[in-house]
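K.L.:
Copying in the features that TrEMBL gives for the protein in this structure:
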type: BINDING; residues: 101, 102, 103, 104, 105, 106, 119, 127, 128, 129, 148, 162, 170; note: dCTP binding site
type: SITE; residues: 116, 117; note: site 'Important for bifunctional activity'
type: ACT_SITE; residues: 129; note: active site, proton donor/acceptor
């Protein structure tokens, strides 16, 4: 069951959902608008032949920070990792799904490639997989609406939620954009 605006607000008040900072004005009929954070991870293209998924990405990415009115320019075909301003968390009885904003989609901006799911029990600043599939560069600004999160009530509480030591969760509690840890799967 997708949670409605009143259920989202109730979930925040009851501690089943956390959005920090939380602004009730950003609650939509069945989602919460999330804002763009100030940190990005960009791939360094020179000196690297290919990504080996069995190896860590050491030295392959660099962090870029933006402030106030300084935009981050996302060029056509470019892929970078960003993050939400908000730290979003859910109880073991709730899951979340990140999706893009229609207005950005109409400019060719994709906010996630495949990792839009917020596991029950997780709490983090969401990593955004930003891609410009349009024909023109797009300026992105700190604290602009970038995505929206819908929340789902599970049929029962997760027995072993994300973040539980038995789960060996790779991205639990992330504070900013986090590079792939795929190599830990091997």
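Cβ coordinates are placed from backbone N, Cα and C, and glycine is handled just like the others.
Are these features on the surface or tucked inside, and what touches them?
P.N.:
Annotation note: residue 128 (dCTP binding site) sits in a strand segment as assigned by DSSP.
For residue 116 (site 'Important for bifunctional activity'), the number of other Cβ atoms no farther than 10 Å from its own Cβ, over all displayed protein chains, is 18.
All protein chains shown were included, and the count of other CB atoms within 10 Å of the CB of residue 129 (active site, proton donor/acceptor) stands at 17.
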K.L.:
Provide the number of Cβ atoms within 10 Å of the Cβ of residue 105 (dCTP binding site), excluding the reference atom itself.
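P.N.:
If we count other Cβ atoms within 10 Å of residue 105 (dCTP binding site), we arrive at 14.
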K.L.:
Write out the long-range same-chain contacts of residue 128 (dCTP binding site), meaning residues 6 or more apart in sequence whose Cβ is under 8 Å from its Cβ.
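P.N.:
Counting only residues 6 or more apart in sequence, the Cβ neighbours of residue 128 (dCTP binding site) under 8 Å are 36, 81, 82, 83, 84, 98, 111, 112, 146, 147, 177.
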K.L.:
Of all the binding-site residues given, 103, 148, which has the fewest Cβ neighbours within 10 Å once its own Cβ is left out?
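P.N.:
It is 103 that, of the binding-site residues 103, 148, has the fewest other Cβ atoms within 10 Å.
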